[in-house]
Amino acid sequence: MQALQNIQDFLKGVKMDSQRAALLTGVVCAVGSVVVLVKKISSHRKAEEKIRRAKNRRDESLQRGEQAVLRYKELHPTTDSSFILGLSLSEVTKQLKEGSLTPEDVFYSYMEKTLAVNQKLNCCTEILLESLDQLTTVGSNKDGLLYGVPVSIKENIAFKNHDCSCGVVINLDQPAEKDSVLVQVLKKQGAIPFVRTNLPQALLNYDCSNPIYGQTVNPHNPQKTSGGSSGGEGALIGGGGSLLGIGTDIGGSIRIPASFCGICGFKPTAGRLSSQGVRPIYRGQKTVSSSPGPMARDVDSLALCMQALLCDHMFSLDPTVPPLPFNMEIYRSSKPLRIGYLESDGYTHPSPSMARGVREVKALLEQAGHTFVPYCPLKMDEIVPELWLRGLLADGTTTLLQKLEGGPVDPCLEPQIFVYRLPKWLKKIISFFLKPVVNYIQTFCFIFRSVPELWKQHAAVEDYIQETIAHWRSCNIDVLLCPVIGPAYNFLYCGKTSVNTNYTFVYNLLNFPAGVVTVSTVTAEDEEEFEHYPDKFDKVLKEAVTGGEGLPVAVQCVALPWQDELCLRLMKEVEQLVKESKK
């Protein structure tokens, strides 16, 4: 009996211990939940406070810029700003050198215009008030190729004592310790960086919106996006608020805004211009190279900017850049070219207006004496998911998601981030069922598990570059004419569809120089032709570009690595022939 009693007492104790353990576990879970909630609320408040400070800095700089303009206008009431704003960059630099224009007249004319454009388009993240001081000393750089020229720069290009947020909250309140090499060279050449421009959250999107500075809209239609990631530059220049800007491009980030906003944009060979002080959303990714480059109203402005930047000062500041000055002889050459062309790369179909743009430019170039050769990029169905996307997201988006911690996700990025955050097992199921329709979805669950796997991928990229160059040479072509994504999209669609982005990002993977020239506008016939658009890949594209009549239409020009001047030469000829045809 005693033994039975002992067993009962023991079981009772176990029961009591289990109840206590359950109670204790419940308390711990409750406390843990409260702690997590408190931390989340605290993190949310810190993010809101950071955003508030950034917006205040922007508003204050805009107000002080406006005050400076008013003071100057009171003292110089006869300044003809409309005349100055109508001049091309080459005309402005010529008159500044001759002294018929003063740097002050040009600077304040553009400052006033920038402030007006920003009110409509929300394209600026801040006025660089240091430019007011630089204006007083710019005479010491009178021999510079960009003497007295106000220049806009993308927000992720370092400027001393200013944040490079890349549109993410975690990067706020971390001002740069010094100017980027490009900014230093611009100043040395007499240019005056005076405003920084907006970009999409985390840069890896071709819209232009973030939770800090908001949505930038298109200068030709405020119901459309300006494109991205250099969308602030595209909008400001397209709206007439800047003569010359500097953007960056890792998948079309210069060329897409140029197409959407009706301007010219150039992505040089990566490594031709210094990237020191140009901040990416994350470092260490080596498969796809980003490149800074110029954006402007015309091709001559792009060429002048390249000529100014490719100088001894840049080669000295950044010895990793090959000391190759701009070759003006190639840029000005009139030698007939053998031009490869394509209306479709076989992977996706460009919108009707962009295909038409290529056909019309091809006809003009043929009439001018150039020879055309049909061309099609190799293995697009393989390289899109396997090389470009997997290389860009080789860590399974871990670093990108870390950068977004502690802050809100912008609506333009939400569709991507939603997929990135899905459990790995669910991603695999989705990729299995959607593979026949959306091949690239597989990359969202891909992570390189070993160094050999990553090296194998790098080797595949090297092989693809060599195969493409061999294919290019077998066609015996000098340059390439092809479509670019466009016309400008309706809001939020950049996050829903990646159709046509392959027309730009393939040249980042290949590291070929590429540029965009505006050649036409969307017609009612283009809109009607969408009824026959082969929508095998993405029906959303029709919705994205609907209502595009009157928007800019552009074409893309491409050359082999380090033949940047030849690419610009084709762009210039396209621009001239289109201009003459309109007369």
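Going from the start of the chain as shown, residues are counted 1 onward.
Each residue, glycine too, has its Cβ placed from N, Cα and C.
Caution: TrEMBL annotation is automatic and unverified by curators.
As annotated by TrEMBL, transmembrane segment applies to 21-38. Positions annotated as coiled coil by TrEMBL: 37-64. Among the features that TrEMBL reports, domain 'Amidase' is placed at 109-568. Per TrEMBL, active site, charge relay system is recorded for Lys154, Ser229. If you look up TrEMBL, you'll see Leu203, Ser229, Ile250, Gly251, Gly252, Ser253 marked as substrate binding site. Residues or ranges marked as active site, acyl-ester intermediate in TrEMBL: Ser253.
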Binding-site residues compared (Gly251, Gly252) - highest count of Cβ atoms within 10 Å: Gly252
Neighbourhood of Lys154 (active site, charge relay system), C-beta criterion under 8 angstroms, separation at least six: Arg196, Thr197, Leu199, Ser229, Ser230, Gly232, Glu233, Gly245, Ile246, Gly247, Thr248
Taken over the coiled coil (37-64), the model's mean pLDDT: 88
Largest tally of Cβ atoms lying within 10 Å of a Cβ, found at which of the binding-site residues Leu203, Ile250: Leu203
Residues within 8 Å of the Leu203, Ser229, Ile250, Gly251, Gly252, Ser253 Cβ centre (excluding the substrate site residues themselves): Leu204, Asn205, Tyr206, Gly228, Ser230, Thr248, Asp249, Ile254, Ile256, Ser290
For Ser253 (substrate binding site): intrachain residues, at least 6 apart, with Cβ closer than 8 Å: Leu203, Tyr206, Gly228, Ser229, Ser230, Gly247, Ser290
